Every structure is written in structure tokens, then in C-alpha cells.
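Quick look at what TrEMBL lists:
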DOMAIN    3-48  domain 'Transcription initiation factor IIA gamma subunit N-terminal'
DOMAIN    59-100  domain 'Transcription initiation factor IIA gamma subunit C-terminal'
Amino acid sequence: MAYQLYRNTTLGNSLQESLDELIQTQQITPQLALQVLLQFDKAINTALANRVRNRVNFKGSLNTYRFCDNVWTFVLNDVEFREVTDLVKVDKVKIVACDGKNQVNDYFSHSSLIIRPSQ
């Protein structure tokens with residue numbers, strides 16, 4: 001089973017809203033919507049692991065960290081993200097990193113990582 005981290009992204013939220021609307025208008029069943037979400041989880045993890053090649057460097061001050069159930073969570077303050085010519089500064093960032101190699105389904109043998117501004 002793939003991690004569900006990316007369901008809370010813009011793309012994941014839009015998909016869930018569309019599926020909810022289709023369920024409410026009885027165009028699809030809740031079971032089919034769940035299957036679509038599970039396929040989305042697999043596809044987004046695979047696409048990010050295999051297709052994204054950009055590198056971004058970042059540095060900041062570590063506020064807190066936690067390791068629980070093979071999931072690392074870091075909260076950083078005053079973070080600078082650098083890509084070749086771009087610099088983005090953020091006050092607070094939460095990073096969640098999951099080891100995909102320990103999942104039951106060997107289909108995904110990579111790590112999942114999501115970085116988002118913390119609120």
C-alpha cells in the first residue's frame with residue numbers, strides 16, 4: 001500500500017472534491033472513489049520517484065524532529081530554498097519523510113517526501 005501523503009496537496013484535494021461530487025450525484029460508488037484514490041497514491045509516488053529530477057538545496061534552523069513508525073517529521077524555522085537561480089525564504093516548514101522500502105507492497109522501493117510551509 002502506498003503512502004497517502006500527497007492526498008493533501010492541491011492535486012489530491014481537487015481529486016477528492018471531484019470524487020465527492022460524483023458520489024453525491026450518484027455517478028460513481030464510494031468503493032470506486034476509494035479505488036481511484038488508491039491508484040492516485042500509487043501513481044503520484046511512482047511519478048515523483050521516477051520523473052522528477054530537479055534538485056533543490058535548503059537550509060534552516062531545526063525547531064523539532066520526531067521519528068515514529070518509520071516516519072521522520074522535521075519542523076524548520078527561517079528556511080531558504082535554493083534552486084540554480086531562485087531563492088525562496090519561508091518562516092516555517094514541516095518536512096515529513098517516509099521510507100517506502102519498508103512497506104508491505106514492494107512495488108514502491110523509494111522514499112516519499114513531502115515539504116510544505118507550516119502554519
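Backbone N, Cα and C atoms are what each Cβ position is placed from, and that goes for glycine too.
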Seminar exercise, completed: DSSP tally for the domain 'Transcription initiation factor IIA gamma subunit C-terminal' (59-100), helix/strand/coil in that order, comes to 1 helix, 35 strand, 6 coil
Seminar exercise, completed: For the domain 'Transcription initiation factor IIA gamma subunit N-terminal' (3-48), the DSSP helix/strand/coil residue counts are 38 helix, 0 strand, 8 coil
